[in-house]
């Protein structure tokens, strides 16, 4: 592929296209990948379809102002995002340790973007072009649109609109708002006059003319009073609906952050149009010498079938970004994309995924949503399935069957996550059977997250007995179809509500599983989630009940160690945790014990004289039998963070 297959990135590209001045320039923290899994590509191609010229400045050197000037000054403004992931999540682990890799950067190396990329980029653009409008969007801007708790600062920060000095913020999926805003700019409207576009947030000095709005506790209140913070979050949480949601206002000193109601969901026709745009479907050739962009490997042969999720897991901020209403593509659109993939020279016959935030949520949760929107204080699948919930996998199954029949397609995997509770609600086992028979490769990844009902309730997840029933059914089906396939559970430590007692309960469950899971991670308090509000305030904002929060680093390390109690390096922490919790009965050689009385010696490999730092012990734990199951799935914590359902 040549540069002409991509949006322009240089003055040479502009010259070849006879462009003197670009209409918009996108500045992004990710490398430039022209694929519909990347927001920069979608927004760029949508604007191109509308007749605008768009250039890309990917991962500029924030210490060099000239990098922000290399495409000149745009006619209408700059569009700024941090990339597909919040830059702080991208840079730091849950324990605040610096990451050394970045799948969205050349060669998978870190260091190509700054911390708090949106703020840094906006400041540099203002320095380069003082009067050029700046519109911010993407996950970092979207989830920080109000005053928010910032885990890395361990304090409440102002709206990112205040800190970045941007002119307008587009939150959520931005296709509709960016088209409306760009057309208003084309018609001659000034950026500071654009105040009525849904899905946007702006700063206002005077709100006397504003109508039908809710004012939430101010920045000054939420930064000093945790009850006020919880109250502000609850109102935000309840109003994220395009039909019933109201305008929200939050005072910041003498100014106001104003969030217009969310944009309406894209129709099926609109979704089809977005995914049919002329993407190059790979990274820009300028990265080839550096080893390419690793993130493309996971998505190049994956298909987005829908957006949105009504699962409402407390630790997921999707409600604030994609929303609870499912927006799906037509089968024809998806089949065209699958057929196109089979003609790509590096296609090997495997489609890696057909799904979305939750693979088996292919349609709206109920008919009520179409007229009245999502329920304000009621969830679709938690704590139990709503009576109006439509439980049906038939359409999704028919889609998968059609893709399987496409010539040159050997296998169609589902990797984006299955909601096992929704699967269990379906009395028709046809989808479950074909899932096991055709769409997994030896193992299915699921996200029970915990097994303590107290913790699960705060997570917004189904009770333990639902997961237990699912596990039994999964193995029963595999036995019937003569397949020896495993489950790989995602598990989380230190979530609000999880004390040592709950962590030990989970460790005992893992003991009965018979192997040590690799897919575990500490709770990560990221912006925008219900769980993050619990973490900061110690309050469940929806019930106003107090919540125990494990914040002490020693206890957090203990909880994580308990989830991998059979790893020798965790022995001391596990023993200390068991003694602290008065569970010495779990120390010893009995069948229910987690660890032996005495710490075993590490075995060393005499051949190369290197110690094996991942030794396992405890003959009563049948880990070795299934060790390959977890070993195959060892991934960096960033990808685990993305894939939880």
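Using the three backbone atoms N, Cα and C, a Cβ is placed for every residue, glycine included.
Residue 313 ([4Fe-4S] cluster binding site) counts 22 other C-beta atoms within 10 Å of its own C-beta, drawing on all protein chains shown. The annotation [4Fe-4S] cluster binding site is assigned in Swiss-Prot to 309, 313, 316 on the grounds of sequence analysis.
According to Swiss-Prot, the compositional bias 'Basic residues' annotation covers 600-609 (among others).
Taken from Swiss-Prot, the feature compositional bias 'Low complexity' covers 610-624.
Taken from Swiss-Prot, the feature compositional bias 'Basic residues' covers 632-645 (among others).
Swiss-Prot lists 295-566 with the feature domain 'Radical SAM core', giving sequence analysis as the kind of evidence.
Per Swiss-Prot, region 'Disordered' is recorded for 598-645.
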Please compute the mean pLDDT of the model over the domain 'Radical SAM core' (295-566).
96
Can you tell which of 309, 316 has the most other C-beta atoms within 10 Å, given these are the binding-site residues?
309
Which three-state DSSP class does residue 316 ([4Fe-4S] cluster binding site) fall into?
coil
